[in-house]
Amino acid sequence: MIELTVAQIAEIVGGAVADISPQDAAHRRVTGTVEFDSRAIGPGGLFLALPGARADGHDHAASAVAAGAAVVLAARPVGVPAIVVPPVAAPNVLAGVLEHDNDGSGAAVLAALAKLATAVAAQLVAGGLTIIGITGSSGKTSTKDLMAAVLAPLGEVVAPPGSFNNELGHPWTVLRATRRTDYLILEMAARHHGNIAALAEIAPPSIGVVLNVGTAHLGEFGSREVIAQTKAELPQAVPHSGAVVLNADDPAVAAMAKLTAARVVRVSRDNTGDVWAGPVSLDELARPRFTLHAHDAQAEVRLGVCGDHQVTNALCAAAVALECGASVEQVAAALTAAPPVSRHRMQVTTRGDGVTVIDDAYNANPDSMRAGLQALAWIAHQPEATRRSWAVLGEMAELGEDAIAEHDRIGRLAVRLDVSRLVVVGTGRSISAMHHGAVLEGAWGSGEATADHGADRTAVNVADGDAALALLRAELRPGDVVLVKASNAAGLGAVADALVADDTCGSVRP
């Protein structure tokens, strides 16, 4: 964050200083980072007093200041230097922090944080900062990681860790930028119409990227049409002097070209795009290979990330880098060198015993679940050797009235892709639908051996991650391939971590 005095921050957010004199507030400076975890605070930092599931940040204000925080942003006096903003009604937002906001204190601090980030972003843009916004139903984090890699040779990049993409993570990421930052990459998530427009007001992007319109959070939106309207808030927010990168292979995204005043850059897997990929092939770990075409030039790309769906993500990252002045050759080299970054997102690890773990446990929706299963099937069914495959799948959250049908489709898809073992983790109607869909599609749920399917080719439903892990530990064989995927709330990341940690021979991450 740029250096500001306590008094300056108070003026920006409309707060009053407490437990610090006006004279001291005019001289005390915030020189460190903004944090909402008191354990992460450092010298000169700004601590956000937010309510949580187990504790209220207001109760940890003193420890944050003792750890070096210059001041606390709070909704009430906390006995140490603070900027106090009055409680407000919680807006319709994503941030889980407001789930435990019983008195409006969390909403107040969050609103003040947005004001501070807005002011800082405006100063940095005036100094030459380029802000890039990314949205889409899936692929935002993977694209963000690739984009950070291709922009790094051009200047200093700030991007969110993991999926910090809501009303808390978005301004928090903005405030990581300094006067040395050249490129600020921001993910923009939504669960309601207007969410992306609100995020874009905090840090107006000069480049916007729309990846896809799928069915993630369908239960919250109500229809795919509303999802498309919400994603379109990003290209509508980009000014005429900016650029909007659209995935032309998704009709709902391609239609957004009519909704923006900015210049449109289309990416595609064929030559109809301004930036496009030549014939795509996959290696033995489902890592894409293709020729990148743009600006009458071309270069070979060998991605280090897993899954055919990563091609579109890479093309969007490439289009942004090209807009920022990189050459096609520079972009191809950076994409090829980019490793997987964010945890639990298509991380492929091969253990010393030959078991390959595909950890995509951070999140799941129907589109990303299909992509994960297709990658699993590709890795398991190589011409040189067919390997036994496991799909360990949990619930896809927030699908509303389509939840039963979508889970049923995923169970059936596992059978059609010839997955050897489907382990459905959890309880409830959606989980049952996934299991029953697999059984009905292939009649392989009983575990009975037939001429075509051995006794190990079954679909099973287990209660939780511990039960899934026990089953895997008992039955995995050297050379098996395991996909672990679910919405984050299912907690299957711990299963993937344990499978990798079980390796006693030394694992390899490609």
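For all residues, glycine too, the Cβ spot is worked out from N, Cα and C.
Feature list (source: Swiss-Prot):
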BINDING   Gly136, Ser137, Ser138, Gly139, Lys140, Thr141, Ser142  ATP binding site
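Applying an 8 A CB threshold to same-chain residues 6+ apart, the list for Lys140 (ATP binding site) reads Ile134, Ser163, Asn165, Glu187, Met188, Ala189, Leu211. Neighbour counts were taken at the CB atom with a 10 A radius for the binding-site residues Ser137, Ser138, Thr141, Ser142; the maximum falls on Ser137. In sequence order, Leu211, Asn212, His309, Thr312, Asn313, Ser368 are the residues near Gly139 (ATP binding site), counting only same-chain partners six or more apart with C-beta under 8 A.
Surrounding the centroid of the Cβ atoms of Gly136, Ser137, Ser138, Gly139, Lys140, Thr141, Ser142, where the record places ATP, the chain contributes additional residues within 8 Å, namely Ile134, Thr143, Leu211, Asn212, Asn313, Ser368. The local packing around Gly136 (ATP binding site), expressed as other Cβ atoms within 10 Å of its Cβ over all shown chains, amounts to 26. A coil conformation is recorded for Gly136 (ATP binding site) in the three-state DSSP classification, outside any helix or strand.
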